[in-house]
Ligand code: UGA
Ligand code: MN
């Protein structure tokens, strides 16, 4: 009886060993990505990169731990140079859709590595709504405020001049003593739509980069015209004679350029609507210097969407709701 058991054991033993070895080999293989590699994956390197080991059950669980340990002996890849920080300056003002707009924006920005959000309220003080919102947004951010003088709050006048300048002043102040860390600035209005690819494009800005903008200027898109890698003109439905016929959403500037042109700001005096971008860019660069992004300006990665004014015709004047709800 005993010998029968023994012989069965020895027959099974090699098979058991083969199964163990196969299981072990399988756990050594790095995990395949969850989804077919998303096209925007480079952005999530900073934060999302940490997710990969989690897929194997976190640092303390069995197979994950073993997999990580074994990897330690492999030659480590060289440390990557730090990602330039993207500073997004967003002017914003109180209105019924404000929190909805900011929520959409934060949901995009949260997916971008190394982004610092400079939110500038057009108000005499920081509002509770925006303060609470930012505190829970899960993003590195700076909350500023400056009111637009009443005389400039008229239709037909440029918007958000003071707010963008406050953002610029904060950036210059923050970097005044240290040598500039690599960084890129862009002006992100709170109602536009931004693809994640856009951030990958702008991150490599050396001085000033440009790209097409969708749904703007009375056209499906506007774009810089590019020949041999240089901007040679503008495809635009409105005042193509502007030196830089481009929307605020269509360019980014390196932090270095912002710091080495300390006087460059958005101007009220003499500035006509629609000329703000051009007036600003004139102070810091030339058309020849512009760096075309988005495949030589042939792809739309940002849209100048505008939110419909919300209909509140049925808001009660009396018999209000019994609770106060922030919207
Ligand atoms: C276009 C351009 O895309 C803007 O970059 C430019 O500032 C604006 O024209 C202009 O006329 O100055 P548009 O969609 O017409 O944009 O402007 P809004 O989206 O209404 O305003 C641009 C930004 O300024 C938004 O982030 C908005 O929240 C903010 N804003 C607007 C204020 O901070 N205060 C205001 O009173 C109005
Ligand atoms: Mn807008």
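Counting begins at 1 with the first residue displayed.
Using the three backbone atoms N, Cα and C, a Cβ is placed for every residue, glycine included.
No curator has checked TrEMBL annotations; they are predicted automatically.
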Residue among 122, 279 sharing the UDP-alpha-D-glucuronate site, where TrEMBL lists 91, 92, 93, 159, 164, 189, 190, 191, 304, 305, 306 as binders: 122
Which listed span TrEMBL calls region 'Disordered', if the choices are 50-85, 194-229: 50-85
DSSP state at residue 222 (site 'Interaction with galactose moiety of substrate glycoprotein'), helix/strand/coil: strand
Residues among the recorded positions 91, 93, 189, 191, 305, 314 that border ligand 2 - Cβ under 6 angstroms, in sequence order: 189, 191
Those recorded positions in 91, 93, 159, 189, 191, 222 whose CB falls under 6 A of ligand 1, listed in sequence order: 91, 93, 159, 189, 191
Spatially closest candidate among 91, 93, 189, 305, the listed binding-site residues, to residue 314 (site 'Interaction with galactose moiety of substrate glycoprotein') (Cα to Cα): 93
